[in-house]
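Below is one structure. I have some questions about it.
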Amino acid sequence: MGAGGPRRGAGPPDGGWGWVVLGACFVVTGFAYGFPKAVSVFFRELKRDFGAGYSDTAWVSSIMLAMLYGTGPLSSILVTRFGCRPVMLAGGLLASAGMILASFASRLVELYLTAGVLTGLGLALNFQPSLIMLGLYFERRRPLANGLAAAGSPVFLSMLSPLGQLLGERFGWRGGFLLFGGLLLHCCACGAVMRPPPGPPPRRDPSPHGGPARRRRLLDVAVCTDRAFVVYVVTKFLMALGLFVPAILLVNYAKDAGVPDAEAAFLLSIVGFVDIVARPACGALAGLGRLRPHVPYLFSLALLANGLTDLISARARSYGTLVAFCIAFGLSYGMVGALQFEVLMATVGAPRFPSALGLVLLVEAVAVLIGPPSAGRLVDALKNYEIIFYLAGSEVALAGVFMAVTTYCCLRCSKNISSGRSAEGGASDPEDVEAERDSEPMPASTEEPGSLEALEVLSPRAGSPEQEPEEEAVPELDHESIGGHEARGQKA
């Protein structure tokens, strides 16, 4: 079709090769979230060989997680500059090299630099591009795709931890690290299938040699002026302060309540099993026509349910009540995991998603470095898990309430502004708005600053005919900034 044809030919295919991309995203998400926790099964041997304490060896996983979250902006810049596939291939090699080099480490600091920094950076360079490509391939089925991809985290965690235990018993921690390094080469295979989706050819940059406009697009910090994005960032910060604390302390909390060791460890398996079921189920539910426009409120409900679960279960002492807590916690935790990136994609749109995701992960890294360590120190000081559950539950519940209230206020404000302009401006207002958009250095989105309003119209194909040309420009931006380098190579 010509350039002025319908958007349907240029939009996300919602299937086809997208299912292969979804499978790769499932694997990458599993490695990114499951690997730092799976490495902890080697800590006992590391303590013995290096004569270190638990807190010293635990820094390996902490550094890995800090790199996964904290290098988000760097990953965004690299994806925009080189495309998703090259970044993921390089990330897979880095992650594998980090674990292989770690198997030859003779000091803990060498483990920090190899398994912590190199492997963490490699996982980050795989995780973020995979989510970006998922958003380019799915639109109508995007909630379901996000839910299925997010299920990789509990699935891989339930597989990698027993595998690490087995490898450690048979080959020692050095052999286990070496084999884990080989396992991480699967990230390269996942990166190889990340070809850009079919669509119109990328537009040429009007400025010579890339110029200032090109450099500006490497990381779109202007997204921080979008009040909808600010709402999401504050919500994620509050959420990350307390969301992971109960899962980290659950086993020790159960042992403190008199539960035997084997039964206490089984509680995490219950959380994992419910989480595996909840993520794709919630993704399918969020994709329903009547619910999809209200995904931010569904996300808020999941956060509120998770926080209330922590608050209600803070005084649970019997094994039966702890099992009930694990079921409720796993369900709400899975809902949060399935919806968090869907809300961000719907809020900022595909062109700004790489930059937005990088900035969100950076903010989340700060919260993760504050929340769980502070909870551990409070437990050591107070010898009381109940207060920790109250604090964690309050933070997550507050995040849910904040998200719901501010989303409602933003939508009302946007509707009032739009109705006021249509009543006063007449026919000249659209021209003024278009002129303002043309004067901006980089087109960021077709929505007004309060882009939460876009969540009420999530199906572009149902829009009015007058909006078709604007909608058609979005995939072109995607291909230019994310997959343009790969698309040019294929065309050549």
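Each residue, glycine too, has its Cβ placed from N, Cα and C.
Dumping what Swiss-Prot says about this protein:
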- 476-492: compositional bias 'Basic and acidic residues' (COMPBIAS)
- 419-492: region 'Disordered' (REGION)
- 36-58: topological domain 'Extracellular' (TOPO_DOM)
- 107-115: topological domain 'Extracellular' (TOPO_DOM)
- 168-172: topological domain 'Extracellular' (TOPO_DOM)
- 250-257: topological domain 'Extracellular' (TOPO_DOM)
- 315-318: topological domain 'Extracellular' (TOPO_DOM)
- 374-386: topological domain 'Extracellular' (TOPO_DOM)
- 15-35: transmembrane segment (TRANSMEM)
- 59-79: transmembrane segment (TRANSMEM)
- 86-106: transmembrane segment (TRANSMEM)
- 116-136: transmembrane segment (TRANSMEM)
- 147-167: transmembrane segment (TRANSMEM)
- 173-193: transmembrane segment (TRANSMEM)
- 229-249: transmembrane segment (TRANSMEM)
- 258-278: transmembrane segment (TRANSMEM)
- 294-314: transmembrane segment (TRANSMEM)
- 319-339: transmembrane segment (TRANSMEM)
- 353-373: transmembrane segment (TRANSMEM)
- 387-407: transmembrane segment (TRANSMEM)
Do the transmembrane segment (173-193) and the transmembrane segment (387-407) come together with 3 or more C-beta pairs under 8 Å, pairs six or more apart in sequence?
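Between the transmembrane segment (173-193) and the transmembrane segment (387-407), contact is absent.
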Select the range from 147-167, 294-314, 319-339, 353-373, 387-407 that forms the most Cβ-Cβ pairs under 8 Å with the transmembrane segment (59-79).
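The stretch with the most contacts is 353-373.
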What are the DSSP helix, strand and coil residue counts for the topological domain 'Extracellular' (250-257)?
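Across the topological domain 'Extracellular' (250-257), the residues distribute as 7 helix, 0 strand, 1 coil.
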Below 8 angstroms Cβ to Cβ, which residues of this chain, lying six or more residues outside the topological domain 'Extracellular' (374-386), approach it?
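Beyond its ends, the topological domain 'Extracellular' (374-386) has Cβ neighbours at 245, 248-249, 252-253, 256, 314-315, 392.
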So if I exclude everything within five residues of the ends of the transmembrane segment (258-278), which remaining residues of that chain have a CB under 8 angstroms from its CBs? That is, six or more out.
151, 153-155, 157-158, 247, 250-251, 317, 319, 322-323, 326-327, 329-331, 333-335, 337-338
May I ask you to check whether the transmembrane segment (116-136) and the transmembrane segment (387-407) make contact, with contact taken as at least three Cβ pairs under 8 Å and only pairs 6 or more apart in sequence counted?
no
What stretch of 294-314, 353-373, 387-407 shows the most Cβ pairs under 8 Å to the transmembrane segment (229-249)?
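The listed stretch sharing the most Cβ pairs with the transmembrane segment (229-249) is 387-407.
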Under an 8 Å Cβ to Cβ limit, what residues of the same chain, 6 or more beyond the ends of the topological domain 'Extracellular' (250-257), are close to it?
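Residues 263-265, 267-268, 271, 316-319, 322, 326, 379, 385, 389 contact the topological domain 'Extracellular' (250-257) from elsewhere in the chain.
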